[in-house]
């Protein structure tokens, strides 16, 4: 065999070069991720706002009809079709999330985020140019592809970049952008829809995201993801001897399985390992139930508020309420978890308690006849309901080994949507079409939060271990074998 890539060790050890202070500090990097997340969820609020979503044509007993407004009015959608439109992004998210999670082991994760955000931007522009239900529904599906690249990879970056004592608070800042973004979307969509037309809300979103598309291809994260090799750097040859294959070895390489098949096999092993984690299963089951209600609230909240209490400017009221309560609740929940020692058992205690109390306040709020009593009780309920936003994702990140975190986040995202807010929006619409009573429909959907609290309560009594610092030699060997196969196949 011919040995290549060997270098003699230097006779004299050179002094390390002076390190320059990087402009992109962990704090600035996390700020960029938070803004991207905010814009993403502004889009969720925009599509649900009365100014953009609008209302269908209404006819009175005399047959006199008033013209519809927004998307629903222009495309003449039923409540069920309208609910489907809110969930269409999930098709892209479902397909693309596991793909991006798998590709993160072979390609630079942050560049993958850039690819996804490019798709997101183009799809949002397409929403503005749509002229019927099916066209805008297809573009909403591609919006989900863009979100898939970001949602499964951003949280592990934050988990690695944050100081140990403030991990949950930094995650809280990131997940605070969910309620804040949706709420800003209500306000932004209502204002732009009423003044410039619903299509312009999408165009402005795309312009805002385009800046971060460019950044994602130009900047390098301040820290490499734990459990992953640096895909942009070449492997050092100082400590490892590289051996050129003999003719016999080369002939064996030709019979190796192709790169794509190796990736599929490795992905299958990762998926099996993930779903063998009982803590992950219980956490996600509670998250699915929780998100079923949150999805219905986020899409139908302004319309329910108008239908029950005849609120003027329901978009503004729900938007403002959700911004304030979402920020307080999300940051409050993450701060409390950091203070009480963020073990997995303590996290489940916080999840169960805050959801149970939040459900009680929200249920009582919708029983109130007085609008101001409703707002006061619902505000307290929202603060408590938003408290789990960071802790539930902390469990997803810390109940698995580091190299499984993107897949854990991707799988969690897929499941909470496909079994949570995706069916809840159209089912709520179908229930309202049948009951024709906004109060009853909302009370029924709110009661499901009690089930989420019970499921998370089970997690308190499980034998849970924080695995975020585990390094599996078996995994490293498997990935080295995979890389060796794919690299050597080019030599054969």
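Please read every residue number as a count from 1 along the shown chain.
Glycine is no exception: its Cβ is also placed from the backbone N, Cα and C atoms.
What Swiss-Prot lists as compositional bias 'Acidic residues' is 472-481.
For residue 53 (N-linked glycosylation site), applying a Cβ distance below 8 Å and a minimum sequence separation of six or more within one chain yields 47, 70, 71, 72, 82, 189, 198. Marked as N-linked glycosylation site by Swiss-Prot: 53 (among others).
Per Swiss-Prot, N-linked glycosylation site is recorded for 76 (among others). Residue 76 (N-linked glycosylation site) falls outside any helix or strand according to DSSP and counts as coil.
A 10 Å cutoff on Cβ-Cβ distances gives residue 341 (N-linked glycosylation site) a total of 9 other Cβ atoms nearby, all chains included. Feature annotation from Swiss-Prot assigns N-linked glycosylation site to 341 (among others).
Residues or ranges marked as N-linked glycosylation site in Swiss-Prot (evidence: sequence analysis): 488 (among others).
Look at Swiss-Prot and you will find 472 tagged as phosphoserine.
If you look up Swiss-Prot, you'll see 472-492 marked as region 'Disordered'.
The transmembrane segment annotation in Swiss-Prot covers 29-49 (among others). With a threshold of 8 Å between CB atoms, the same-chain residues lying at least 6 positions outside the transmembrane segment (29-49) that come near it are 71, 85-86, 117, 120, 124, 140, 143, 146-147, 150, 154, 157-158, 161-162, 170, 173-190, 193, 201-202, 205, 208-209, 212, 215, 219, 221-222, 298-302, 315, 319.
With a cut-off of 8 Å between Cβ atoms, the residues of this chain six or more beyond the transmembrane segment (83-103) that come close are 47-48, 71, 77, 112, 116, 133, 136-138, 140-149, 151-153, 263, 266-267, 270-271, 299, 406-407, 409-411, 413-414, 417-418, 421-423, 425-430. The transmembrane segment annotation in Swiss-Prot covers 83-103 (among others).
Annotation source Swiss-Prot lists transmembrane segment at 119-139 (among others).
Outside the transmembrane segment (141-161) by six or more residues, the chain places 26, 29-30, 33, 36-37, 40, 43, 88-97, 99-101, 104, 109-110, 112-113, 115-124, 126-127, 167, 170-171, 174, 221-223, 225-226, 393, 396-397, 402, 405-407, 409-410, 413, 468 with a CB less than 8 A from a CB of the stretch. Residues or ranges marked as transmembrane segment by Swiss-Prot: 141-161 (among others).
Annotation source Swiss-Prot lists transmembrane segment at 169-189 (among others). Long-range contacts of the transmembrane segment (169-189) within the same chain, counting only residues at least 6 positions beyond its ends with a Cβ under 8 Å from a Cβ of the stretch, are 30, 33-35, 37-53, 154-155, 158-159, 161-163, 198, 201, 298, 302, 315-316, 318-323, 325-327, 329-331, 333-335, 338, 386, 389-390, 393-394.
When Cβ-Cβ distances below 8 Å are used as the criterion, the transmembrane segment (200-220) is approached by residues 24, 29, 32, 35-36, 39, 42-43, 46, 49, 51-52, 110-111, 113-114, 117-118, 120-122, 124-125, 127-128, 188-189, 192-193, 232 of the same chain, each at least six residues removed from its ends. Positions annotated as transmembrane segment by Swiss-Prot: 200-220 (among others).
According to Swiss-Prot, the transmembrane segment annotation covers 279-299 (among others), on the basis of sequence analysis. Long-range contacts of the transmembrane segment (279-299) within the same chain: residues 44-45, 48, 83, 86, 182, 344, 348, 351, 355, 385, 388, 392, 395-396, 399-400, 408, 411-412, 415-417, 419-425, 427-428, 445-446, 448-449, 451-453, 455-456, 458-459, 462, 464, each at least 6 residues beyond the stretch ends and with a Cβ under 8 Å from a Cβ of the stretch.
The transmembrane segment annotation in Swiss-Prot covers 317-337 (among others) and rests on sequence analysis. Within the chain, the transmembrane segment (317-337) has long-range Cβ neighbours (under 8 A, six or more residues past its boundaries) at 45, 49, 168-169, 171-173, 175-176, 178-180, 182-187, 190, 301-302, 305, 311, 346-347, 350, 354, 375, 378-379, 382-391, 394.
If you look up Swiss-Prot, you'll see 348-368 (among others) marked as transmembrane segment.
Scored on C-beta pairs under 8 angstroms, the neighbour of the transmembrane segment (442-462) with the top count among 348-368, 372-392, 407-427 is 348-368. Within 10 Å of the C-beta atom of residue 76 (N-linked glycosylation site) sit 12 other C-beta atoms, taking all shown protein chains into account. Nonlocal intrachain contacts for the transmembrane segment (348-368), taken as residues 6+ away from its ends with a CB within less than 8 angstroms of a stretch CB, comprise 283, 286, 290, 308, 333, 336-337, 340, 374-378, 380-385, 387-388, 391-392, 395, 439, 442-443, 446-447, 449-450, 452-454, 456-457, 459-460, 462, 464.
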